[in-house]
Amino acid sequence: MELIFLGTSAGVPTRSRNVTAILLDLQHPTRAGLWLFDCGEGTQHQLLHTAYHPGKLDKIFITHLHGDHVFGLPGLLCSRSMAGNVNPLTIFGPAGIREFTETALRLSGSWTDYPLEIVEVSEGVVFKDEQYTVTAGALNHPVECYGYRIEEHDKPGALDAAALIADGIKPGPLFQRLKHGDTVTLEDGRIVNGQDYLSAPQPGKKLVIFGDTAPCPAALALARNADVLVHEVTLEAAMEEKANSRGHSSTRQAAQLARDASVGKLLVTHISSRYDAQGCESLLKECRAVFPECELAQDFMQVCV
């Protein structure tokens, strides 16, 4: 999986940062997929500066309905349609996302030429297929807001072809069945269990993307043991009280949560427009003082999960 930050500013865009949007390129060997998390104003403009096309999007996950997270959605949906795309698209989001989307399209005389499904989520599993499970967890913000935990299912172990050949089993169609862990009967009557020739399953990656939140127990539970956590850091530690009063977190609080949840890497975003480049360096230092495995996101930054 690879994350591409399209917008990393809080509330309003700046000259160097657009408002919130994050692409997730699944890069799964058996399943192509491009997911978008939040869609602030100007997201489709940001996409134009990448190698990705809106037509490749198949899922959009909205954390909450504040404008800096959704005002880019109607335009993106329309542009995707005007490009002639007919591939289905599913939008997941809190209560109200259906009304917001349908009202924006209706009042502007717009429509989509592709199947559009809108799913209003609550806590729990919101999507599951053979490769991934996505779970929503409620966060602490003035409006209904969610974080999303994306879990890649464990991948089967690798087949030890050399061991099979050493045991007198020739390469061929049977190898594919053995790779799936099946038990097969050879021409000489031997029974071979594929599980005996497979390495241990490869654990799937765990990625957690938060919407806006002040510290809360649910956030800690959702982030537990994630390989990568994306967390907002709207304000510096000295302004923690102000951040919390508005449903946001400070640098110190985001880093503490990452440490307490035993995550592998912390990516901080949703930076207040009050901070210039030097200020952002200070924010990162505050985070790393508590949790060293931290990076401060920039627009168009790409991170492998």
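Glycine is no exception: its Cβ is also placed from the backbone N, Cα and C atoms.
The candidate list ASP129, ASP196, ASP212 contains one residue that Swiss-Prot assigns to the Zn(2+) 2 site with ASP68, HIS69, HIS270, namely ASP212.
Take the CB of HIS141 (Zn(2+) 1 binding site) and look out to 10 A: across all protein chains shown you find 21 other CB atoms. Cβ neighbour density within 10 Å is lowest for HIS66 among the binding-site residues HIS66, HIS69, HIS270. Highlighted in sequence order, THR63, LEU65, HIS69, LEU139, PRO142, VAL143, CYS145, GLY211, THR213, GLY247 have their Cβ within 8 Å of the centre of the Cβ atoms of HIS64, HIS66, HIS141, ASP212, the residues recorded for Zn(2+) 1, and are not part of that set. HIS64 (Zn(2+) 1 binding site) sits 14 Å from HIS270 (Zn(2+) 2 binding site), taking the Cα positions as reference. Compute the center of the Cβ atoms of ASP68, HIS69, ASP212, HIS270, which mark the site for Zn(2+) 2; besides them, the chain residues with Cβ within 8 Å of that center are ALA10, GLY11, VAL19, THR20, ASP38, GLY40, THR63, HIS64, HIS66, GLY211, GLU232.
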